[in-house]
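Visitor: Dropping the structure in here first, questions after.
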Amino acid sequence: MSWQATVLTLFPEMFPGPLGLSLAGRALETGVWSCRTHDLRQHGLGRHRAVDDTPFGGGAGMVIRADVADAALSALDAPKEMPRVFMTPRGYPLRQKDVSRYAQGPGVVLMCGRFEGVDERVLNAHSVEQVSIGDYVLSGGETAALVLLDACVRLLPGVMGSHESGVEESFSDGLLEYPHYTRPATWQGHDVPEVLLSGNHAAIAAWRQKQAEEITRERRPDLWSAWLARREKNEAATGLSGQVRQTGL
Ligand code: SAH
């Protein structure tokens, strides 16, 4: 059975969009996954099919109404166990581990916000998870939904060429990935790091590990401290840290 994406949106034409091309597009054609949209507007009210209203408490902008969002969520025939996710900068940050949880399940229902967002009561009533793709504000949830779907679809069985490329990459072990080099070995006077040409697999692995650690420490202090804490815990568990302390390393 294929992995099922259902997207609730005011702009159904945005899907599958870029995911209709390349790896994800081929997987869509071969039925590895499917992408359905559900137009929020069809649940709009009155002659103009209004979906939004002014916020209680005042303030700028409009909010998608509780009754409209509820009608849309209730009309879906997606299985109950399929996660319902609202894309919002107020959400929990999307991590690779969440992506792989979604990819391992039957699919996702994604709700794309517009304006200031959606009435909070509906999100609670439908047990909707709230997810952010980063600390910046987009004009709508559609591009965020495409990001989440892209990250999930590439993990589905058979989508990526080599199995390994999904295992050994940024975040898989808590570090950012090491840098990559390919031909020509000398380009505009710049050589690739010598160790990569050595054929010494252990030395190459050690160099890559060190690069990954340095890049993570510099670019992502948050990931770096989490990784250090995990390493310390592992070493304590295997009794290594005591030895290290004794030898003063
Ligand atoms: N006023 C809101 C932002 C609204 S942006 C706030 O400050 O929280 C309009 C819509 O774009 C949101 O409802 C959400 O669906 C989407 N969106 C914007 N930024 C996002 C992000 N970083 N991650 C996920 N969705 C986002």
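Placed from the backbone N, Cα and C atoms, the Cβ positions cover glycine too.
Unlike curated records, TrEMBL annotations are generated automatically.
Okay, so TrEMBL annotates it like this:
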type	residues	note
BINDING	Gly113, Ile133, Gly134, Asp135, Tyr136, Val137, Leu138	S-adenosyl-L-methionine binding site
DOMAIN	5-225	domain 'tRNA methyltransferase TRMD/TRM10-type'
Visitor: Within the chain of Ile133 (S-adenosyl-L-methionine binding site), which residues six or more apart in sequence place their C-beta under 8 angstroms from its C-beta?
Guide: Met87, Pro93, Leu94, Ala144, Val147, Leu148
Visitor: For Asp135 (S-adenosyl-L-methionine binding site), which of the three DSSP-derived states applies: helix, strand, or coil?
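Guide: It is coil.
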Visitor: Quiz question: given the binding-site residues Gly113, Gly134, which has the greatest number of C-beta atoms lying within 10 angstroms of its own C-beta?
Guide: Gly113
Visitor: Can you give me the average pLDDT across the domain 'tRNA methyltransferase TRMD/TRM10-type' (5-225), rounded to a whole number?
Guide: 96
Visitor: Among Gly113, Ile133, Gly134, Asp135, Tyr136, Val137, Leu138, which the record lists as binding S-adenosyl-L-methionine, how far apart in Å are the two most distant Cα atoms?
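Guide: Between the most distant Cα atoms of the S-adenosyl-L-methionine site, 16 Å.
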